[in-house]
Amino acid sequence: MKTLWIVAVWLIAVEGNLYQFGRMIWNRTGKLPILSYGSYGCYCGWGGQGPPKDATDRCCLVHDCCYTRVGDCSPKMTLYSYRFENGDIICDNKDPCKRAVCECDREAAICLGENVNTYDKKYKSYEDCTEEVQEC
């Protein structure tokens, strides 16, 4: 019941495609996205600076960079179509912005899944990110 409540609160709190991105992350990692990645390392969550703390954090930096590249598409608000098929995430969008945002999220979710073994609880709610922002 507690997990259901947490998921319900998370669904209410997200905006735009963040729910869609969260579903992709959950599918690839088995982790609740907002709890596991909402403030992980220096780049998972809002903002970011300093060197990534591990491969998981690097996935988030790459995702931030991807969102920067598609910034004119309002990536945090753009809703897109996708599906899970035979273990893959398929982006189903003819619109270039929707496809680009979906691909950013898809690649980040795959990266997080491939690096789930680098996830280290000591970087959850990590606050020592004081160095300069990493270049994309």
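Cβ atoms here come from the backbone N, Cα and C positions, even for glycine.
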Note: Swiss-Prot has Y43, G45, G47 binding Ca(2+), and from D64, D72 that site also includes D64
Pick from C44, C97, C102: the cysteine that Swiss-Prot pairs with C73 in a disulfide bond. C97
According to Swiss-Prot, the cysteine among C129, C136 that forms a disulfide bond with C42 is C129
Distance check, please: Cα of C102 (disulfide bond) against Cα of C60 (disulfide bond), rounded to an integer number of angstrom. 15
Determine, for the Ca(2+) site, the additional residues of the same chain whose CB lies within 8 Å of the mean position of the CB atoms of Y43, G45, G47, D64; present them in sequence order. C42, C44, W46, G48, C60, L61
Sequence-ordered, the recorded positions among C42, Y43, C73, C97, C111, C129 whose CA is within 10 A of the CA of C60 (disulfide bond) come to C42, Y43, C111
Among G45, G47, the most crowded of the binding-site residues [Cβ within 10 Å]: G45
Output, ordered by sequence, the same-chain residues six or more apart from C97 (disulfide bond) with a CB under 8 Å from its CB, or 'none'. V70, D72, C73, S74, T78
